[in-house]
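Per Swiss-Prot, these features apply:
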- 22, 23: phosphoenolpyruvate binding site (BINDING)
- 94, 123, 124, 125, 126, 127, 309, 331: UDP-N-acetyl-alpha-D-glucosamine binding site (BINDING)
- 118: 2-(S-cysteinyl)pyruvic acid O-phosphothioketal (MOD_RES)
- 118: active site, proton donor (ACT_SITE)
């Protein structure tokens, strides 16, 4: 099993290109199941989760070709051979559930295993299922699988009011609604850029959608969808992660393809901590102002609030801030599993339920640490960049699910980092 070796204590200077958004691409790929015409995605990230979704779609009979080194995906579902998404594939990634709505909407039936993925608290699929039930689907959970059937004549438009904001449930309902009979209104819908990106792609395919980016999305169902070519939106989580690298280490880095509107609430916290963020012609330039980073309080919220997927990385920054910071996690349970690993590096962190209290220290110390999930893995790498001595991060297979070429991108800016094959 591979690990990452980081030698800290140096400034970073240079440019880092930001990839297409993993979370957007994982929703866009199943959209091919809605049509028998080709869907081409450009600016696709090259990640293990994308390969898992490719494997899942191919198991259903879809064709997926990876072109231009993986940056272009050519998909076609003109002749599905199966409507069963097996546990052996689905268990690897929670986004696998996103094949349910499209298959049900287009062909009227689907069998999908309950998903796996990151071990972060309770992330139930109930919201997905209730949305599809509102459209008339008959659902039966047995033997670890969701058995779904559409009513005679197909799914029906409906009013779907989500009790809590859910990105995945919004995506599944949005895709299903494009082929439902009549009008579907999604209330308390997720507003993330990935939702907007999916809606734009579906509209290119012929869907009639209004209101994406707001809490209410209206979909007028159509009889069929066509093909399209669509660029995957910039990955705001990768963007925020690499913005923290010069914030933690010092120096100045330009993030190519970055846009303020993708990370507005995050930028506000960086500014309060003493980090400069400037727009450039090609992206964003980030530098730490003079002196030590200042403590700030952070509460994770659905977009446009502070993203939960940047909480672990932000904690790495605040471990060496002047003063005490309070981080409140309101999206997922049990999402401070990186805290004990950071304390091995000398961080002072107290966790009580969904709140972490971080008292900054002047320096972290390198240590052997273990990644517990995707975002925790990169937070430990960031901490290692600022620590004295060497840090070895094990179980980095988590990292490969969400970050492409992380060692290359950081070493190009002067970081001492390399992968140790397992």
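Every residue gets a Cβ built from N, Cα and C, even glycine.
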(message) Using Cβ atoms only, which residues of the same chain lie under 8 Å from residue 22 (phosphoenolpyruvate binding site) while being at least 6 residues apart in sequence?
(response) 45, 47, 49, 50, 235, 237, 238, 401, 402
(request) Drop a 10 Å sphere on every Cβ of the binding-site residues 126, 309 and tell me which sphere holds the fewest other Cβ atoms. (result) 126
(message) Let's check the environment of residue 23 (phosphoenolpyruvate binding site): how many other CB atoms sit within 10 Å of its CB?
(response) 26
(request) Would you identify the secondary structure of residue 125 (UDP-N-acetyl-alpha-D-glucosamine binding site) according to DSSP, in three states? (result) coil
(request) Write down the Cα-Cα distance for residue 23 (phosphoenolpyruvate binding site) and residue 309 (UDP-N-acetyl-alpha-D-glucosamine binding site), rounded and given in Å. (result) 11
(request) Measuring CB to CB from residue 125 (UDP-N-acetyl-alpha-D-glucosamine binding site), give everything in the same chain under 8 Å that is also at least six residues away in sequence. (result) 97, 114, 115, 146, 168, 169
(message) Measuring Cα to Cα, how many Å separate residue 126 (UDP-N-acetyl-alpha-D-glucosamine binding site) from residue 23 (phosphoenolpyruvate binding site)?
(response) 20
(request) Enter the number of other CB atoms within 10 angstroms of the CB of residue 127 (UDP-N-acetyl-alpha-D-glucosamine binding site). (result) 19
(message) Let's check the environment of residue 331 (UDP-N-acetyl-alpha-D-glucosamine binding site): how many other CB atoms sit within 10 Å of its CB?
(response) 22
